[in-house]
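Q: For 1-41, 94-110, 175-206, 272-294, the entry in Swiss-Prot reads topological domain 'Extracellular', with the evidence type sequence analysis. The N-linked glycosylation site annotation in Swiss-Prot covers Asn13, Asn21, Asn184. Under the heading transmembrane segment, Swiss-Prot lists 42-62, 73-93, 111-131, 154-174, 207-227, 251-271, 295-315. The topological domain 'Cytoplasmic' annotation in Swiss-Prot covers 63-72, 132-153, 228-250, 316-326, and the record cites sequence analysis as its basis. Among the features that Swiss-Prot reports, disulfide bond is placed at Cys109-Cys188, with the record citing sequence analysis. Swiss-Prot lists Cys329 with the feature S-palmitoyl cysteine, giving sequence analysis as the kind of evidence.
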Amino acid sequence: MAAQTLLELQPSNQSQLSALNTTSCDNAREAWDLLYQVLPIFILTICAFGLLGNLFVLSVFLLLRRRLTVAEIYLVNLAASDLVFVLGLPFWAQNIWNQFNWPFGDLLCRVVNGVIKANLFISIFLMVAISQDRYCVLVHPMASRRRRRRRRARATCMVIWAVGALLSTPTFLLRSVSAVQDLNISACILLLPHQAWHVARIVELNVLGFLLPLAAIIFFNGHILASLRGQGEVSQTRIGGPKDCKTTVLILTLVAAFLVCWAPYHCFAFLEFLFQVRAVRGCFWEDFIDLGLQLANFFAFTNSCLNPVIYVFVGRLFRTKVWELYQQCTPRRPAPLSSSRRKEILRRFWRN
């Protein structure tokens, strides 16, 4: 392949990485030169907005002096996952700026890529959990009152974080900084020990990390939309009124934004697998997949800074919480004294 994807630098030997310069498919050289200069700036911009936005969201949820609801527990974990994710983006921005010459050492090569990979799984699993929670509230409201517990939501989030860390373990173990003599660089690459690992990787990435969660998300949200459309105002009365509907609109928007941002990456990752097993060939496909992966990665990264924007512009209850936090943090002025009360205080003062 002529270049590597940000999340999965894929070559299993140096000859593949050397194809960056030696491949006969050199039609996209100008596009790559432009990408090396422009993409790092965009990634750093996403990092800045994602860092500030997710810190703001976490502050609003965690600083209010009241317990989180079940839905808010999931949203806090989603914001925390996005925050951890954007902390790794400056390393990748510098890596692209250096044309994949990794300057940060072997440990950060493993850690940064492991964190990014874990976030991919944690985010979509949280989307499934959030969708399932809304499904219970809207479609099975009576049962949800007995089953929805904060303790269960926290336990679910802990399991999701653990599974995400487990699925990112191969990335942490197989990533390393290797010298590429032809290019005179040291690249952070994924060294797969056997060709069969390519199949295992695509099953993990596309099936476990997208298709199965996508099926669950479509199932839950399809029933949610059908319930809202079929019950109308009656559903609001049964499930607790407009508050639940506002939360549902926010969550449906978050889910839709996540799928739109991440679907292109998974499509191009599958095309990359087809190219590796020679199911598709030719310079057109090579350039199309390589450039598409880079742009799809950038598009996926935007989701981490898009969620806080959705909270502000779509989440009415979130804006209410922002106002509550402002009032909580703003010192209250004492109420003005009436004239009779003022005279009574002065009389007691002079009497003493």
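Keep in mind that glycine also has a Cβ here, set from the backbone N, Cα and C atoms.
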Q: Would the transmembrane segment (154-174) count as touching the transmembrane segment (251-271), if touching means at least three Cβ pairs under 8 Å and pairs must be 6 or more apart in sequence?
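A: In this chain the transmembrane segment (154-174) does not contact the transmembrane segment (251-271) - fewer than 3 Cβ pairs sit under 8 Å.
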Q: Under a Cβ pair cut-off of under 8 Å, which of the recorded stretches 42-62, 73-93, 207-227, 251-271, 295-315 contacts the transmembrane segment (111-131) most often?
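A: Counting Cβ pairs under 8 Å, the winner is 73-93.
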Q: Determine the Cβ neighbour count for Asn184 (N-linked glycosylation site): the number of other Cβ atoms within 10 Å of its Cβ.
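A: There are 8 such Cβ atoms around Asn184 (N-linked glycosylation site).
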Q: Quick one: find which recorded stretch in 73-93, 207-227, 251-271 has the most Cβ pairs under 8 Å with the transmembrane segment (42-62).
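A: Against the transmembrane segment (42-62), the leading stretch is 73-93.
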Q: I need the CA-to-CA distance for the residue listed as 'S-palmitoyl cysteine' versus Cys188 (disulfide bond), whole Å please.
A: 46
Q: Same-chain residues six or more away whose CB lies under 8 A from the CB of Cys109 (disulfide bond)?
A: Trp102, Arg175, Ser176, Val177, Cys188
Q: Give the nonlocal contacts of the topological domain 'Cytoplasmic' (316-326) in its own chain as ranges (CB under 8 Å, at least six residues past its ends).
A: 57, 59-61, 63-64, 243, 246-247, 250
Q: Looking at the recorded positions Cys188, Cys329, which sits with the largest number of other Cβ atoms within 10 Å of its Cβ?
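A: Selected residue: Cys188.
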Q: Could you say whether, by DSSP, Cys188 (disulfide bond) belongs to a helix, a strand or a coil region?
A: strand
Q: Summarise the model confidence on the topological domain 'Extracellular' (94-110) as a single mean pLDDT, whole number.
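A: Over the topological domain 'Extracellular' (94-110), the predicted model scores a mean pLDDT of 91.
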Q: Could you give me three numbers for the topological domain 'Cytoplasmic' (316-326), the DSSP helix, strand and coil residue counts?
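A: Each residue of the topological domain 'Cytoplasmic' (316-326) counted once, the result is 11 helix, 0 strand, 0 coil.
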